[in-house]
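Here's what TrEMBL has on this protein:
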TRANSMEM  50-76  transmembrane segment
TRANSMEM  88-109  transmembrane segment
TRANSMEM  115-135  transmembrane segment
TRANSMEM  147-167  transmembrane segment
TRANSMEM  179-198  transmembrane segment
TRANSMEM  210-230  transmembrane segment
TRANSMEM  297-317  transmembrane segment
TRANSMEM  324-345  transmembrane segment
TRANSMEM  351-373  transmembrane segment
TRANSMEM  417-438  transmembrane segment
Amino acid sequence: MHMAATAVAVEETADTKNIDKAALFLAHAGDYEILTPEQEQRLKRKIDWIIIPMLFVTATLGAVDKVALSTAAIYGLQEDNGLHGQQYSWLGSILSLGALVGMFPSSYLVHKFPAAKYLCTCSVAWSVMALLMPACSNWGGLMALRFLMGAAEAIIVPGSSLIISGWYKKNEQPPRNAFVFAAMSSVVNGFLSWAVGHISDDSPLAKWQYLYLIVGSISMAWSIFALSFLPDTPMNAIFLTQQEKVFWVQRLEGNKTGIVNNVWKWEQVLEAVPDPKTWLIFFFNIAINIPNGSSLLAMPTGVISTLAALTFSYLAAKWNDRRCLVTMIACTLPIAGTAVLYAVSRTAVPAQLVGLYLCYTYFGSYVVGISLAQANTAGHTKKNVQFAIQYVGYAVGNLIGPQTFRANQAPAYTGGVVAMLACYCVCISLIAACRFFCVAMNRKFVPTVPAVELDGTVVENFNDLTDFNQEGFRYTT
């Protein structure tokens, strides 16, 4: 049994710039045998074992580069650079400010250039910043490098999300997100902190300088490797045969979200900005990350975060059209954790640890929230703009978080606890509103733009139209 790559062979015309590259690929790919279900599962495992680990390592090393600051402070960074007052705190905040500035240029560039190549180029850039950190001897130098590091790292979540959405079906995306964005940087940082601690005090450089040299060198080596081998799409994956490429691209047609189109379309930008989904997830990202950015939660509990992300992402993938509900349920656990932290005596260490661990389950709702944007946004430009705006929400939340816990409220931190509880309740409300909007759109959907045509033949599913303009587009709720 054969499968045809597309209904007709088409020649590339002036109109093809408006077509997703997947359609053009299928138009010239030819006919191949359809893979059996067993062969499909083997192919999926092969892709999983290559794409997901490569994205995971890239994202984790980017996070390690930025969280290494806390370990560097233990080993003399503040003293060697003459930091005083709030200067160390500003080194944390400037990273988010750099991300805010760098996000929108990166959103445009990751659209114009191959996504994986741009992501890995940025990885090279933040590795350079880490390698330059040991050369700093004052606050100004540290601030400049941390700002540039934040600007380069801004693309991690949007870029990885874009790549995942171009490789997997909608129901396959949540668990892959969970693996890629697994909060393991604190675990890696803890190991590096232990390793650097064994360096002799008589060494030529300070221990914090060795830390950044190690982190930067590992990150740079990996970035160069990933730049060479991480594919952007199934169409240019060197580890796939032509038959596997055709099969894998065709199985993604049902997403109706496309794979890649490098033509920047201002009409999609103008649609993305007023789209309610954009802002519901934007404010959700702010609210869910305010508690994350608080000083109370700055502890190495990456394993708990990762387990929560994997658990809730699995539920989101298996529980059909209940993704918003899973996100809301995930938000109730950190509410319980916050209540325990506030109500239980500080001397009740086991209970306090339970409360803290419950708080860190917030990461499950954040990761599932990312998958909502992936599944419910079509049009390559629109996806880039929405992912950028939503990541800005993440950065803003992390900027606000530290301001909610004031030293003069210790040890109860009543204001901070109230802020955390309010944020989680806001998250639940925003996701409920998102579900309501998507359900309403599924019930009454009227496309406003006709499908693009090639030589008189409608190119279905891979025509780079937005979700608002695709007949039959179904939103994941």
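Placement of Cβ uses the backbone N, Cα and C atoms for every residue, glycine included.
For the transmembrane segment (88-109), the most Cβ-contacting stretch among 50-76, 179-198, 210-230 is 50-76 (pairs under 8 Å). Under the criterion of 3 or more C-beta pairs below 8 Å, with sequence separation of 6 or more, the transmembrane segment (115-135) and the transmembrane segment (50-76) qualify as touching. Under 8 Å from some Cβ of the transmembrane segment (210-230) lie the Cβ atoms of residues 51, 54-55, 57-58, 61-62, 64-65, 68, 71-72, 75, 116-117, 119-121, 123-124, 126-134, 192-193, 195-196, 199, 203, 238, all in the same chain and six or more residues away from its ends.
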